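So the structure is just underneath, and the comments pick up after that.
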Amino acid sequence: MAATEIIIERTPQARPAAMTGATKPTLIGQTREEMGEMLREIGVADKQVRMRVAQLWNWIYVRGVSDFDQMTNVAKDMREKLKAHFTIARPEIVEEQVSNDGTRKWLLRYPPRGAGRPVEVECVYIPEEGRGTLCVSSQVGCTLTCTFCHTGTQKLVRNLTAEEVLSQLLLARDRLGDFPDRDAPVGAMVPNEGRKITNMVMMGMGEPLYNFEEVKKALLIASDGDGLSLSKRRITLSTSGVVPEIYRTGDEIGVMLAISLHAVRDELRDLLVPINKKYPLKDLIEACRNYPGLSNARRITFEYVMLKDVNDSLEDAKGLIQLLKGIPSKINLIPFNPWPGTNYQCSDWDQIMKFADFINSAGYASPIRTPRGRDILAACGQLKSESERMRKTERLAYEAMMIVGHGEDD
């Protein structure tokens, strides 16, 4: 096997552009209406507000600037007023890692916002043929305690704000040269033509539907046609099954849906994904059947981690087909990623192939996720912030296998 090549960049502990603006309100993550009200509060005349909001929206989300002084068509006195009252700074980059397969991972630090100390989250970029996918976090930590997932062993610290969700996308586009007049980074692979980030998945740290309002606001801004302009068919929200908010996601956001399923019987899913005790399979599947716009072109993705002698029998495969009957679906099979202290093992490869063949023969797409970014510890079920993570020499990182292939091509 070829030697692994990893680039690690550590930023200084104090980054003035990120940290000094942290005490000011941010314009990132605000709706147009909220941004307009913020401008009125600093004395912008009503007759100018709509024009100023349009200017700011374009500079922040189309041009990707993070400094008011770069807004060259905004009068200097207005730029000074904006600088005095607001920020559009990016979060602090604690660490950036680049895998030899092009996978990139950023450890980002945000201000406390009531958490008592600064908090850290990770986001991951996966380049593929003709597309690039960004995996975004929605919470610091997680409440779900799924027994096979190492990320779930980190206690929930707090929800991320809409600005903090969006800033992961903005920062990644900065680092990838994905805004106009920006150069792509030298070295690891990124798509040569078109946008570097074509797809976005809410599959990082946390349960996004336990932070519904902020995630909703962030995704509606990310898909706004006059800004970041990501197609809703290229945004996937992954949930462990918060049923009431699945209905709201379809009605109020309209992005693609992925379900962390992992079992076809309530008694087993109660163990693997404890939220099932509150929202059992019957209710979850009913919500999926009623998700708006389902078709062969807009399928729900069901994630299924392969656990040896737990959920990998052909009887489980038959149960999976029966459970999803009539739902336009894609079933992602994920080889389990062992981590120190877990009692689970990955299914044997032959068994995974038999399981996949059975699913495929029933007419369902059933890709087996292959590891990406394992050399930079960026893989499925392993995202964990620096203060809570295991020693790197002990960690097996495979989160990225879960990320790739989500969303539909327009």
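We count from 1, first residue shown onward.
From the backbone N, Cα and C atoms, a Cβ is placed for every residue, glycine too.
What Swiss-Prot records for Glu122 is active site, proton acceptor, and it gives sequence analysis as the kind of evidence. In the three-state DSSP assignment, the secondary structure recorded for Glu122 (active site, proton acceptor) is strand.
As annotated by Swiss-Prot, active site, S-methylcysteine intermediate applies to Cys380, with the evidence given as sequence analysis.
Taken from Swiss-Prot, the feature [4Fe-4S] cluster binding site applies to Cys142, Cys146, Cys149, supported by sequence analysis.
Residues annotated as S-adenosyl-L-methionine binding site in Swiss-Prot: Gly206, Glu207, Ser238, Ser260, Leu261, His262, Asn337. Its own atom aside, the Cβ of His262 (S-adenosyl-L-methionine binding site) has 25 Cβ atoms within 10 angstroms in the protein chains shown. His262 (S-adenosyl-L-methionine binding site) falls within neither a helix nor a strand when secondary structure is assigned with DSSP, and so counts as coil.
Annotation comment: Swiss-Prot describes Cys135-Cys380 as disulfide bond.
Per Swiss-Prot, domain 'Radical SAM core' is recorded for 128-377.
There are 27 other CB atoms within 10 A of the CB of Glu122 (active site, proton acceptor), with all protein chains counted. Taking all protein chains in view, 30 other C-beta atoms sit within 10 angstroms of the C-beta of Gly206 (S-adenosyl-L-methionine binding site). The CA atom of Leu261 (S-adenosyl-L-methionine binding site) is located 19 Å away from the CA atom of Cys135 (disulfide bond). There are 25 other CB atoms within 10 A of the CB of Asn337 (S-adenosyl-L-methionine binding site), with all protein chains counted. Taking Cβ-Cβ distances under 8 Å and a sequence gap of 6 or more within the same chain, the neighbours of Ser238 (S-adenosyl-L-methionine binding site) are Val201, Met202, Met203, Pro208, Ala258, Ile259, Ser260, Thr301, Glu303.
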